[in-house]
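Pulled from TrEMBL, these are the features on record:
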DOMAIN    25-89  domain 'CSD'
DOMAIN    183-245  domain 'CSD'
DOMAIN    394-461  domain 'CSD'
DOMAIN    471-534  domain 'CSD'
DOMAIN    626-690  domain 'CSD'
DOMAIN    701-742  domain 'SUZ-C'
REGION    728-751  region 'Disordered'
Amino acid sequence: MSFDPGMLHNNGHTAYANGTGPGIRETGLVEKLLTSYGFIQCSERQARLFFHCSQYNGNLQELKIGDDVEFEVSSDRRTGKPIAVKLLKIKPEVLPEERISGQVVSAIPVHLDGKSAPGQAPTGSVCYERNGEVFYLTYTPDDVEGNIHLDTGDKVSFYMDTNKHTGAVSARNIQLVKKKQMRCQGVVCATKEAFGFIERADVVKEIFFHYSEFKGDLEALQAGDDVEFTIKDRNGKEVATEVRLLPQGTVIFEDISIEQFEGTVVKVIPKVPTKNQNDPLPGRISSRIGFNDKELPFGEKDTKSKVTLLEGDHIQFNISTDRRDKLERATNIDILPDTFDFTKETREMDMLSAQRNHAVRIKKLPKGSVSFNTQSEQRFMGVVEKEVVATNTKNASPTKAKEKEAEEGVIAYEDCGVKLTVPYHIKDIEGGGYPQAGDKVEFCINEVKRTGLQSAVSVRVLNRNASNAKRLLGFVATLKDNFGFIETANHDQEIFFHYSEMCGDLENLELGDTVEYTLSKGKGNKVSAEKVTKVAAVNGISEDVDATVMMGKVIRPLRSVDPSQTEYQGLIEITEEGATKGSNYPFGIMGMLNKADCLQKGELVKFHVCTVAQTGQKMASNVVPQRRAMVECVKDQFGFIIYEVGESKKLFFHVKEVQDGLELQTGDEVEFSVVLNQRTGKCSACNVRRVSEGPKPVATPRPDRLVNRLKSITLDDASAPRLVIVRQPRGPDNSKGFNVERKTRQPGVID
């Protein structure tokens, strides 16, 4: 760029952009300096002015970026833009002689390589106190003398400097006065009521600390925690202050060798320490390490398996070296298996149990080496004289705090012409069903070695007693928290049963399962089912099912849906035109296609008519509800359907119940089943299937007030928003505008 100094207007007739006339001088900062020209950032206003080097009054070699200058404002005759003329360099002010004392509150962040952290300015901050107030100043690495790194907490002295252009005050010529005291580390070794002790990691010494010096949750502090602290002198004694927790494993006292060594115990730890014993490592091990015999101490915590050591034991161990005083000791001590081959001690075999005798030097044997019982190889046959009382603790009622232990049963049998009896327990029964009184069984006899007590094991039923109570078939109709109901084989009533009467795994029991049970009467002559056993599935109602599909309406639900009604069966009324319109057909749990579905009064259903083989009664079978409703809303993982169930007019559903993995929208029409949560008593939708999509959301038009406001805005309105072009676009070849490659469109072809 060429510049002619003679083209400047210095005659006083030029109008300036800022209204400044000739002769008035301004100050600024040299922002950019090239060979023949540069730019100045004004101090009194937001302006950036061009200047030619010929306008500088002084040695141009001494002018640098950042120097303060004084100048007059003129205009370029060719472009009319304001420029700076008659430049003079302003001498920098001399810093005051008084230095200010302060402290680093935020050190300059650096990486491990010493460079500034990316994405943030390399600045720190210091503070100082004046007349009871604390003031904070920023600083940069160039402001620190001696090329040292300052840390938070360091004591420093500095001068204050004010930026003439921004007015910001910063610290300059910072000198380090005193480094912050280094933090020490250790492990809490003891805690008392109001104080504790820390084992230091730098020297073999403990240091006192008061709980008021702990910076954290005092309730969480316990012996063994890693901490850091600062040491201070109080009353001539060292104490730990500003105690803070460290991550577990931060403090390491010793280095343990990877290599294991073998040795012999020459001195054991006394069981009862003497009064004069102050050695924390009273045990001694002799070992040959390298070419030298070495004796290493050890303590109670150095045995690996807590085994009782005796003199002469052959052991293996690692060597631990204390980082503080380089003391070596034996650790991870374990007895070698061949030790027992050399000792003369008497050893016994047994299984671990709670007994008063004290066992020492325990050696683990292969599983099955020790047995307390003997079982006969011969199998005996007998008759159940007393059946076992099954109290299923796994499936028992959760409302009972304690469960009675299962009573044992009794089997009568003959051995060599002598009539004998033997007890048996429920855990010793094999097969599906439990033996009952009078049943013929086969078993083995188990005898306890210590006491000689006998019991029957591997009990298997051979023949059932025909005189036992009649076993009935039924179908699971309802499952509650700790009880349920069974639908009878005639599908006309339900029988109560408690989960403690269930023989088998209750978790595999589902609605509609076929079960076998015995009727009994309890308090108040109430009938209930006992000895409930799940059996193979049988036909629910009958094979005689009419193929005609009927349309009807539920006029009475099952009692599980409406407990207030006296009848168990539900009732469906035919609604389609024909000779059978108005006819009613009862239904039970086995008449529903989906046993978990919760049919409500007034719902429309499809069904078949079948005949019960035992009674000849006609009932509804394969009942399927005809539910259709609109989706009201869908949230993150659930939604609601506009469908009235009981007192609620909305039905909850989870998105995992939507078939085919579709995402439902508000307004979609869906089909679904209703299930009842037995625990909460609330209904929800399952097997949700979309029938048709709802209307797509339409963009809401702008309100009239906004349209009228936009129409009222004109370009001449000074308060209206404006778009000002700052620079015209230029292409890569420096031409005006953008070069757009035009393509010739062919008919019927879309780019």
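Cβ coordinates come from backbone N, Cα and C, glycine included.
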Exercise. What is the average pLDDT across the domain 'SUZ-C' (701-742)?
Worked result: 69
For this session: Provide the three-state DSSP residue tally for the domain 'CSD' (471-534): helix first, then strand, then coil.
Result: 9 helix, 37 strand, 18 coil
Exercise. In the domain 'CSD' (25-89), how many residues does DSSP assign to helix, to strand and to coil?
Worked result: 6 helix, 38 strand, 21 coil
Exercise. What is the three-state DSSP composition of the domain 'CSD' (626-690), stated as helix, strand and coil residue counts?
Worked result: 6 helix, 38 strand, 21 coil
